[in-house]
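**Student:** Have a look at this one.
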Amino acid sequence: MRIFARVLQAVVAGVLVVAGGHAAAVAVPITSVASSGLPSWSAPEPEGVQAAGAALADGFTGAMRWSREVHTPAPIGSIAKVMTALVVIDSGDLERPVEVPEGIIPYDNKFGASTADLVPGETLSARQLLYALMLPSGCDAAYALAEAYGPGQAAFVDRMNDKARQLGLGGTHFSDPSGLPYPTGHSTFATPADLIRLGMHAMTLPVFREIVGSATYHVPAGPDNREHFWETTNLLLGDYPGTVGIKTGSTDAAGTCLLFEAVRAGVPLIGVVLHSSPDSAAAAAEDAERMLNWGYGPIAGALPFSWSLG
């Protein structure tokens, strides 16, 4: 079984190297799949993907399996919150109490932003606010975290851009902790290639992975906070088998976007779609499903039993 699992990984990585009786996956150009004698993609690319920019990569190596406008910067909407979460997680103590500031009201109202229904004056832990940030895509949570960890919005955005530079995201820039259109709809942007790298890094962090893999999260009422119940905006969770995260995004300029990862037969694939539709979250999820079905096609062909990709 161990060798068979490595064979499946090699199908996705693109080559099989056998040495000393053990199989090992090595990243090489995908054109080597056919010559290896392993199952290959039945189509040269996933069919029907509507996104203006997209990428699908090997979750082990980051090697691109398919892409469209992979190095073209584009607005990303709330996918920016992945970086917001990383800055907070990097800061350390996630049990730190954070008081929700009054500023969330004009901030959310100005943009008609998605919220986690936070109330000014209540106090939640940073960990709880990360769930509020990532599941319902709470811009109020992003604002509260930025105020606490910047401290202040401008200082926090600087930290986001510093982290982007550390990760080598040369085609990425942040102007707002939520990814909202400030000062313009194109002020926060990234390339599909950068988002793959960002997502891969984020998903190595256990606390981040746990949060974005959660479909729901409940905060009981306490002496300093009201009760909250949050549901994920990621339509793939619960719908597409093997989905493990990670983040949706949507603004007028960005359209609907989705950064996603799935793990099937022990093989992770990570991908992103940008501007799948002007306003349909379902369109972004459908694009992601098309890409994942294509990406996992060779694995389905290698399995000695029937396996539905849907």
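A Cβ is built for glycine as well, from the same backbone N, Cα and C atoms used for every other residue.
What TrEMBL records for this protein is below:
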ACT_SITE  SER78  active site, acyl-ester intermediate
ACT_SITE  LYS81  active site, proton acceptor
ACT_SITE  SER137  active site
BINDING   LYS247  substrate binding site
DOMAIN    45-275  domain 'Peptidase S11 D-alanyl-D-alanine carboxypeptidase A N-terminal'
**Student:** Find, for the listed recorded positions LYS81, LYS247, the residue with the lowest Cβ contact count at a 10 Å cut-off, counting only other Cβ atoms.
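**Tutor:** With the recorded positions LYS81, LYS247, fewest surrounding Cβ atoms within 10 Å: LYS81.
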**Student:** What same-chain residues, at least 6 away in sequence, bring their CB to under 8 Å of the CB of the residue listed as 'active site'?
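**Tutor:** Correct list: SER78, LYS81, SER114, THR233, LYS247, THR248.
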**Student:** Where does the mean pLDDT land for the domain 'Peptidase S11 D-alanyl-D-alanine carboxypeptidase A N-terminal' (45-275)?
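**Tutor:** Mean pLDDT across the domain 'Peptidase S11 D-alanyl-D-alanine carboxypeptidase A N-terminal' (45-275) comes out at 98.
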**Student:** Other than its own, how many Cβ atoms are within 10 Å of the Cβ belonging to SER78 (active site, acyl-ester intermediate)?
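**Tutor:** 28, counting other Cβ atoms within 10 Å of SER78 (active site, acyl-ester intermediate).
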